[in-house]
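Worksheet: the structure to be examined is printed underneath.
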Amino acid sequence: MAFSAKTPRSLIKSDLPSPIHRKLRKHKFLYFSNRRKTHQISSTQPQQQLSFLNTNSLNSSDPNSHLHLLCINGKLQEALNYLDSMQELQIPLDEDTAIGMVRLCEWKRAFEEGSKIYCYVSNSSNSLSLRLGNAFLSMFVRFGKLGDAWYVFGKMLERDVFSWNVLISGYAKKGFFDEALCLYHRMLWVGFKPDVYTFPCVLRTCGAVPNLERGKEVHVHVIRFGFEADVDVINALITMYVKCGDLPKARLLFDKMARRDRISWNAIISGYFENGEYLEGIRLFFKMREHWFDPDLMTMTSVISACESLGNERLGREIHGYVIVTGMSADVSVCNSLIQMYFSLGCWETAEKVFDRMEWRDVVSWTAMISGYENNVLPDKALDTYRMMELHGFVPDEITLASVLSACAYLGKLDMGIKLHELAKRTGFISYIIVANTLVDMYSKCKCIDKALEVFHSIPDKDVISWTAIILGLRLNNRCFEALIFFRQMKVSLKPNSVTLVSVLSACARIGGLMCGKEIHAYALRTGMALDGFLPNALLDMYVRCGRMGPAWNQFNSQKKDVSAWNILLTGYAQRGQGKLAVEFFNRMIKSNVHPDEITFIPLLCACSKSEMVTEGLKYFNSMELKYGVTPNLKHYACVVDLLGCAGQLEEAYEFIQEMPIKPDAAIWGAFLNACRIHRQVELGEFAAQRIFESDRRSVGYYVLLCNLYANSGKWDEVAKVRKMMKDNGLVIDPGCSWVEVKGKIHAFLSGDDFHPQINEINALLEGIYEKMRVAGLGGPKCDSMDGVEISKAEIFCGHSERLAVAFGLINTVPGTPIWVTKNLYMCQSCHSTIKFISKIVRREISVRDTEEFHHFKDGICSCGDLEILGKALTNTTSERN
């Protein structure tokens with residue numbers, strides 16, 4: 001069965017079905033459609049009054065010649081008015097004139113006018129000649145109206161290779177690659193021989209899919225039809241092979257070319273760059289110069305991008321010099337590439353010089369500067385540049401908005417972020433997923449998680465970045481429970497990447513979700529992502545923060561031991577107050593030839609502080625710069641203040657602050673305030689609080705420390721004043737919340753929450769324990785030895801939610817099963833004593849990780865030795881009371 005070249009037997013499969021054309025006597029309305037029904041297109045041009053036109057106004061000798069002359073002079077509207085007059089007088093339109101009018105409409109991008117002419121021609125004839133059909137075909141393809149083009153193709157009495165080429169290129173340009181290739185094969189089927197214009201289009205289509213097998217098939221056709229020596233066709237073959245990843249074949253074709261042009265060189269050079277072979281691409285660039293081919297703008301932009309990818313600053317500057325010598329530095333696209341390269345290399349000052357010297361800039365230039373500043377952690381400069389861009393009258397595009405929103409997220413500029421959100425709505429850029437994703441990230445980091453959720457739910461087609469942004473946002477806003485729920489929803493439709501897994505593991509670590517973390521570990525192993533990026537360290541951090549040092553060591557020994565991995569394990573020892581083990585581990589790190597960084601010394605100093613190893617801590621602090629070349633920053637100074645303060649050396653801590661070479665920040669004075677809280681030095685604590693609130697009035701933790709200081713000393717009037725200050729500043733203390741994992745499911749308990757399905761059983765169990773404590777002479781949760789000060793303080797700053805979590809674990813696990821609880825606040829003395837007692841009578845190991853450290857209870861003894869809990873919460877019953 002063969003197809004006729006004159007009329008198509010069936011339409012090829014397409015998302016743009018062919019129209020059904022209906023003839024109308026009145027042609028004021030044009031009937032074309034890309035749907036299988038009649039569609040009415042009304043001309044937007046005002047109806048012209050034709051009363052002034054009569055027989056005398058027309059060129060009586062040859063109206064078609066006059067109309068053709070109007071087309072040659074580009075007077076489309078006059079030509080259309082003249083055509084209307086000709087139609088009223090029933091003067092026929094000849095083919096050459098019609099072709100001239102169609103080409104004029106195509107040139108002027110006048111779709112409605114071109115459709116009007118087509119309607120006029122269709123009313124006059126049921127078929128189209130070759131030349132006129134090709135003209136209409138070219139016009140509709142240029143307008144992207146493939147359905148109309150296909151209908152014209154079907155009405156043509158005969159076709160030539162140009163007809164097929166136009167239709168094939170139309171489908172290819174619209175992204176219908178399979179349909180374009182199908183048309184090519186149908187063209188061969190009906191007996192047409194491809195020409196020099198057919199193959200480049202078809203080969204570009206094969207490269208765009210990419211489909212190497214079909215590309216090779218077309219290569220065979222090139223040889224069969226004798227085009228293997230044509231430069232344009234070989235260039236297209238080279239491009240096809242590099243797009244399909246077959247560089248050796250592309251290079252073979254290039255090397256065998258008897259004659260090359262600049263496009264040949266550009267094709268092979270850019271092909272190497274696209275496939276990551278940057279050095280070979282650079283070599284070919286220099287070889288191109290040796291063969292006396294001058295690179296064009298396309299060559300230079302790709303070479304500059306290759307220097308960026310290689311991270312070779314010296315080569316990049318040499319290419320920049322060549323650009324200046326050849327005079328191409330005046331081109332905007334080349335300068336934009338140079339700006340991006342210098343920012344990528346960290347040479348932002350040089351990028352600024354390139355930008356300042358540009359005579360003319362476009363939106364890409366400004367966007368390159370803004371995104372460059374943002375990527376180089378210069379968010380203030382990014383925002384300043386955006387303001388300058390607005391002053392110069394440039395309208396941002398979606399990439400600009402995303403970069404500025406990222407800078408707002410980094411700086412916490414919520415007000416500006418909201419304005420950009422409104423701008424995105426007005427301009428329609430909110431429909432771009434990159435803008436929506438960045439808005440989710442911005443609102444999350446500005447602590448407006450509900451607004452982030454609103455933007456997230458409005459995204460119609462969410463990608464992996466959308467889900468990752470909201471999961472990370474929920475984690476940052478301490479809504480880890482929801483983060484895990486969103487992760488499970490995401491896996492239904494999308495495959496998470498390593499960044500997603502890192503975000504979820506952080507949520508698991510925050511609430512002690514060990515089983516969930518293990519599931520993610522297993523998923524990473526199955527999918528081959530276990531070694532991707534920061535994921536190994538995220539797994540290590542999860543095990544450490546969930547209190548599982550055994551699995552943490554297994555993970556540590558199975559991965560690359562970079563400085564971050566050592567730091568994570570060192571942090572684990574610090575959280576447990578195991579100063580000696582931390583010091584031993586640090587020494588092992590040094591012996592392993594791993595150079596410590598500034599982060600390493602923070603957990604090391606904290607471990608020394610918790611273990612009251614003052615001498616060792618000071619030794620490591622003093623050796624940081626001298627021995628390891630690490631300059632102490634404010635965090636290290638804060639650790640030393642905590643080291644001295646927690647050991648009771650408050651005067652030494654104060655002197656240390658006074659002698660600091662840099663100005664102490666709120667964290668330094670916060671560490672001093674914490675020491676005053678532990679040792680109940682109210683006056684010194686008040687002095688520290690004054691210094692804190694001079695620079696930071698938004699951090700809730702400092703208010704809590706001050707409240708604790710007053711509460712430990714029974715100064716409840718002062719506590720009330722501090723809490724009023726917090727209320728006036730719009731600050732609230734998070735309610736006590738504890739999480740416990742039972743049978744792979746995480747359960748959360750809020751302070752005072754009576755809505756849990758098993759709350760009656762939990763309360764009954766706790767009452768039984770309290771009764772046993774009273775019988776044993778230990779008193780209940782509110783015994784006589786605890787005064788009202790301690791009781792009230794514990795209610796405010798503890799909430800006792802860990803008791804509910806422990807009781808739930810006892811009820812729902814078999815005897816002997818360890819119970820692991822994570823809490824968002826510190827543990828009060830009452831809860832500490834209660835859980836100690838529980839661990840003894842039920843003979844279970846119970847671990848509670850509060851906001852500061854791990855408490856591991858076994859046989860009525862806590863791993864902290866009661867030292868920390870006494871420092872935190874014990875109220876001296878002989879202290880003065882207001």
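Residue 1 is the first one shown; counting continues down the chain.
In case you wondered, yes, glycine gets a Cβ from its N, Cα and C as well.
The domain 'DYW' feature in TrEMBL is assigned to 792-866. TrEMBL lists 160-194, 230-260, 261-295, 331-361, 362-396, 562-596 with the feature repeat 'PPR'.
Outside the repeat 'PPR' (331-361), and at least 6 residues removed from its termini, the chain residues within Cβ reach (under 8 Å) are 297, 300-301, 304-305, 307-308, 311, 313, 316, 320, 323, 368-369, 371-373, 375-376, 378, 392, 394. Residues of the same chain lying 6 or more positions beyond the ends of the repeat 'PPR' (562-596) and with a Cβ under 8 Å from any Cβ of it are 534, 536-537, 540-541, 544-545, 549, 552-553, 556, 603-604, 606-608, 610-613, 616, 620, 628, 630, 849, 853-854, 856, 863-864, 868. Mean pLDDT, taken over the repeat 'PPR' (230-260), works out to 94 on the 0 to 100 scale.
Taken residue by residue, the repeat 'PPR' (261-295) breaks down under DSSP into 26 helix, 0 strand, 9 coil.
Within the chain, the repeat 'PPR' (362-396) has long-range Cβ neighbours (under 8 A, six or more residues past its boundaries) at 332-333, 335-336, 339-340, 342-344, 346, 348, 351-352, 355, 403-404, 406-408, 410-411, 413, 416, 423, 427, 429.
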